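**Student:** The following block contains the structure, expressed as structure tokens.
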Amino acid sequence: MTTFPQPIKKLRTGDSAALTSSPSSLLCNLRAPCCLSGVSSAQTVSLTENWASALAGCMQTERKRVEMKALWTFLLLNALLTAVLSAPPRCGAGNYWQGQCKVSVEVAKPKCADITLAYCDDMPYTKTIYPNILGHRSREEVETSTEYLLLSVVHSLLNGECTPDIRMLGCSVIAPRCENQKILKPCRSTCEAVHKVCAHAFESIDMAWPYFLDCDRFFVSEEEGCYDPLEGLRERHEVVMDSVPTEEPSTIIKFTHHSNTQMFNILKKTAAQCSHISRTYSIGQSVEKRDLLVIEFSNNPGEHELLEPEVKYIGNMHGNEAMGRELLIYLAQYLCSEYLLGNTRIQTLINTTRIHILPSMNPDGYELAFSEMQSGADVDYDEGAGYVGQLGGRYNAHNIDLNRNFPDLTSIVYNRRRLKRFRSDHIPIPDIYWFGKVAPETYAVMKWIRSIPFVLSASFHGGDLVVSYPYDLSKHPQEASMFSQTPDEQVFKQLARTYANAHATMSSKDTDRCGANFADKGGIVNGAEWFSIAGGMADFNYLHTNCFEITVELGCDKFPFEEDLYMGWEENKEALLSFMESVHKGIKGIVKDENGNGIKGATVSIKGIRHDVTTAQNGDYWRLLNTGIYIVTASAPGYTRAMKRIHLPSRMQKAGRVDFVLQKSKLEPDVDDFIIPYLDSYDRFDPYNQHARYSMRQSGQEEEERQEKPWWWAYFTHSNSQNPSWLLRN
């Protein structure tokens, strides 16, 4: 209830003067009439004509006041909205470098501040400034940026290469030097020098050179007043070098187990370091889409050279057998560094031989075994348990034993060996094989073997200490262990002895050691005599191609402790080199026509050995032989035969050169009937595309190949930063 100091009294007819002379009092009482005994005092007023006029004027004044108040409210809201809409958008740090927004000019004046970034605290200066060169406005923005995250993990990504150079170069951009409240930009010459040395390190992991290390965009010349961000690093390096006595450089190898990522990095880094004699390439992918990465050494990498033999080493076929994998990683580093150091033996080997090293044929299986090893799982590594599949990682990700997954060509030889003129070489893959489970790793290796004219090969395993050679399948189906020789029994024995004799202990007569069961055999054994397997890789190499392959068992521990890896390298280093050098035994040559053109697919036969080799693309061939006297014949469809008698003396250190010139002639009917269909069927490889169908069923993927992100992508997608597409190579 509202009260007033003095309520209006009842008016009489003669009081009009009072009404007109005091309208404000009346209006006040009208807006809030006084209540006396529950009745409004206004109701007691007897309105006159003057009163009605005053009331109308009052109401008009009140209406104008309300309208004016509404107008001012509208104008105020409109001005506020205009100010908000016209304000410049906030510029995100990630967009600044792209020019998508501009920094507002109405900001506080930048001031130099202490560097408080953990990964940039060793710069040769102590003050930085915000916004930095990339537009980050504060330390918090820098620490949550993808650029800073990259600098924090670059040491791990590049396996220690080019760090701290890359990190400090990046810090000069995201934490630039500040003097007199101004940014000093780093020198372009320093950036270019680092890029020249370190670009390959990013390429080796399929990562683009970081945009913020663009030497033209974020660095300036000396004339513009730059500074060297690596100045302190060089000073520290000079002090260290002054305190170290000079000595001959040597090969530095870390004798540790390597994850798949570390293996890829080391191989690519090694190839980049020795780019004039080395390269890496992938022959395919595993079930889980890991590359089967090969490193090659040659004086002309990537090309088959006339009369230069091709050798391959394959490790980790069974994922839980790690010694061979590590030895081949060490071997790659050793070949590169020793070549650069001028080791004449290594230089001669690489200049005359094309070497291919596949450290891991089963990276998926190794991933499982490696994780078990890291977790400290107590696994029984005896050979018997391994062959019944009890060891994690032995098989591939589809649970396939890769050394039982190749076409069983040995059974075909046994079934047809009594047929006249039947060949035990270049046997076609039966079509029925493709309707079974063919692992992608097996498929990739078969294509690889068929695409390169390999002469010699070794596959590395674990579980015993011995060299095994073909045949691996017993010639009697009911005998699990039965000596079953190839036509090249003597050659295979010599190859096996080459490795075993060069090994530190493999051929020892000591019976109290790993491999003692083979002490009386000199550390070598016929594969089928040891234990029979069908679908092995060694038999496939021999019966389908020109390649002679042995199987090397490196020790009783399938996954040895790291402290045993160095000893394993020392025991096998000489054997690894000697075996590769043995590819230069026997004979080599070119089979040409009368015009001097090489004949592809010509056959070179040795009398008394029922196993032929064929010529490569340009007519060159290699035939491994022991010392002795041989009758060699060269033939090709549509040409006459040519025959030569040769003598290989015991002291011969390299392959003898035996060339042939064949003259054109009509095909003999029996030769035509025998050879032409044979060659046609040999060229059939997965004719019904069954492998692709099987792979699609197993993976559940579309027919189009998926585009996988690089392995390092997880470093960034698991963080709060945006996905750095600028790190992906085009």
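Just so you know, glycine gets a Cβ as well, placed from its N, Cα and C.
So TrEMBL has the following annotated:
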type: ACT_SITE; residues: GLU553; note: active site, proton donor/acceptor
type: DISULFID; residues: CYS191-CYS215; note: disulfide bond
type: DOMAIN; residues: 107-229; note: domain 'FZ'
type: DOMAIN; residues: 256-583; note: domain 'Peptidase M14'
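For the listed features, I'd like the structural context: burial, neighbours, distances.
**Tutor:** Cβ neighbours of GLU553 (active site, proton donor/acceptor) (same chain, under 8 Å, six or more residues apart in sequence): HIS461, GLY462, GLY463, ASP464, LEU465, VAL466, VAL467, SER468, GLY515.
In sequence order, ARG188, CYS191, GLU192, HIS195 are the residues of the chain that are 6 or more apart from CYS215 (disulfide bond) and have a CB within less than 8 Å of its CB.
The residues of the domain 'FZ' (107-229), classed with DSSP into helix (H, G, I), strand (E, B) and coil, number 52 helix, 17 strand, 54 coil.
Over the domain 'Peptidase M14' (256-583) the predicted model carries a mean pLDDT of 92.
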**Student:** Please report the number of other Cβ atoms within 10 Å of the Cβ of CYS191 (disulfide bond).
**Tutor:** 24
